[in-house]
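Report on one structure; see the data block that follows.
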Amino acid sequence: VNGTTGEGLSLSIQERKQLAEEWVCQGKDKLDHVIIHVGALNLPECQELARHAAAIGAGGIAVIAPFFFKPTNKDELVAFLQKVALEAPEVPFYYYHIPPLTGVKIRVEELLDGIKAQIPTFQGVKFSDTDLLDLAQCINKNETGEFEFLYGVDEQLLGALAIGANGAVGSTYNYLGRQANLMLQAFAKPDFALAQQYQFLTGEFLSFVIKLGFGVAQTKAVMTFVSGIPMGPPRLPLVGASSEFIAKAKAKLDSIVWPNGN
């Protein structure tokens with residue numbers, strides 16, 4: 001909640017609190033976990049949001065690296081994350097690694113060394129990067145299975161699963177959730193050929209829309225025509241998807257024939 005697709009960094013602190021409260025309330029007895037993103041560009045806001053998430057009963061909190069004045073090494077990043085985690089000492093803590101947006105390219109493998117001693121609530125990473133070597137090294141080090149690695153590049157999920165990722169967080173699962181679950185089931189069987197079909201078809205759609213210009217605003221548009229629930233416009237500086245994009249994206253999605261008609 002309040003992550004990238006939710007435009008969390010474009011919302012006011014009060015808006016973020018309101019959304020977090022509503023998700024925790026509506027998710028009670030329905031969702032296994034409600035993880036609130038509490039990252040911000042300054043430490044006091046992160047700490048305030050972390051305290052709030054803990055107070056409303058969030059199942060976890062996640063934090064991106066600040067991306068205007070950036071940490072330049074592991075120690076600087078850990079020091080920042082530690083100060084946030086201390087404000088919610090009973091709540092599982094996730095680092096949200098998304099270097100394409102933050103520009104902070106500190107390898108997660110390096111970050112994990114000694115992290116539990118510095119952040120006792122550290123639970124894992126949302127890994128939104130295409131560097132599967134870094135992810136593989138993280139999982140290789142995670143011999144005891146104490147950490148969770150949730151993959152965030154939807155078009156490469158199958159590769160991340162093969163390496164050992166044990167979950168996913170992504171925008172496409174809002175509108176292709178059923179197909180993603182069927183891919184997970186096929187992988188678990190294992191039926192790798194079927195899992196590949198689902199991954200390739202998801203990639204076919206994403207490759208198509210990326211060429212048209214695909215971001216949070218366009219994701220909202222796809223969610224609207226798939227679900228029938230108006231997602232509303234994005235907040236400036238993002239601008240809404242064009243009618244041309246919506247028509248082409250809808251036609252492409254409608255044209256995809258999923259395995260066994262699913």
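In case you wondered, yes, glycine gets a Cβ from its N, Cα and C as well.
Here TrEMBL flags TYR96 as active site, proton donor/acceptor. Under the heading active site, schiff-base intermediate with substrate, TrEMBL lists LYS126. Look at TrEMBL and you will find THR5, VAL169 tagged as pyruvate binding site.
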For the recorded positions THR5, TYR96, VAL169, the one whose C-beta sees the most other C-beta atoms within 10 angstroms: TYR96
Nearest of the recorded positions (THR5, LYS126, VAL169) to TYR96 (active site, proton donor/acceptor) - Cα to Cα: LYS126
Whole-number Å value for how far the residue listed as 'active site, schiff-base intermediate with substrate' lies from THR5 (pyruvate binding site) (Cα to Cα): 14
